[in-house]
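Participant: According to TrEMBL, the protein has these features:
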BINDING   R64, E122  substrate binding site
BINDING   E122, D149  Mg(2+) binding site
COMPBIAS  277-295  compositional bias 'Pro residues'
DOMAIN    7-215  domain 'HpcH/HpaI aldolase/citrate lyase'
REGION    272-295  region 'Disordered'
Amino acid sequence: MFSRYCRSVLSVPATAPHRFTSCHDAGADMCVVDLEDSVPLNRKEEARQSAAAFFKERSRCGIRVNAVTDPDGLRDLLALPHYPVRPTIVHLPKVESPRDVEIVDQVLGADGDPLELFAVIETPRGVQRLADIATASPNLRGLIFGAADYAAALGIGLDWEPLAAVRAMIVNAARAAGLHAIDSPTFELVDMALVRAESVQARRLGFSGKIALHPRQVPVLTEVFSPDADQLAHAGRVVAAARRSGHGVATVDGRMVGRPFFAESRRLLDEFGSPAAEPPAHQPPLLPHPPGGLR
């Protein structure tokens, strides 16, 4: 599913404030300052303080805190309300149960301010609880696959094929709950052909976007996770056919199309029909009433 909301999500270490401006200027749909894996244990407090400068105004910027089961994760959550501009987008690493999400919801969402949470699924336990995690909070906006930690837990490499099945599971759980699905980064920083190839595979599985580790990856991700001119033209023909058929079955470009195709084509044109269109400041759930009545 194409969406401007999170095609490219660029991450920058909180211990590298000299890179904050380049992160903001890279053109990613979402910029995230990281307090977790990219920060050594002995620099967590320094990172927590320097990250405040990342948030200068209300924008598409977020923060990846440490796991809520870790003392540093709780310190991160308690520090966020004191930032000059409070982050409204929070990535939660190593989520293994709905309770991990609920804790953050209770700490940061109690005052009713906008809050967009993303649960990073990167352990076998997290995969086992996917359905429960995906419906843990009305503030949850997406699931993110953490390939490196997951592969390490299984004792395998990062090759695409062994991880394709779990990627599909994450996409399915996200879509069933009306959430976005964001793929793990490609750790190649030079070969953009590989970044593109893995992004295309992720898009075909149903991911909305992908994490970027370097600004040069951003335009590749944004392009791959956006419909091209031919796809938009096809969507226009599908919508026109829907009108002519009274929203019954129709034939477009030699293929039969029906209501699911009409709805997706209409959504695609609504979001991408105008090049100047921008995502809303706070993305609503993808589905109006996902299972469980939580949203």
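Placed from the backbone N, Cα and C atoms, the Cβ positions cover glycine too.
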Participant: Would you find the one among the binding-site residues E122, D149 whose Cβ has the most company, meaning other Cβ atoms within 10 Å?
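Facilitator: Neighbour-count leader: E122.
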Participant: Sequence gap of 6 or more, C-beta under 8 Å: which same-chain residues meet both conditions with respect to R64 (substrate binding site)?
Facilitator: S11, V32, V33, D34, L35, E36, V90, H91, L92, P93, V120
Participant: If you run the three-state DSSP split on E122 (substrate binding site), which class comes out?
Facilitator: coil
Participant: To the nearest whole angstrom, state the Cα distance for the pair D149 (Mg(2+) binding site) and E122 (substrate binding site).
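Facilitator: Rounded to a whole number, the Cα-Cα distance is 6 Å.
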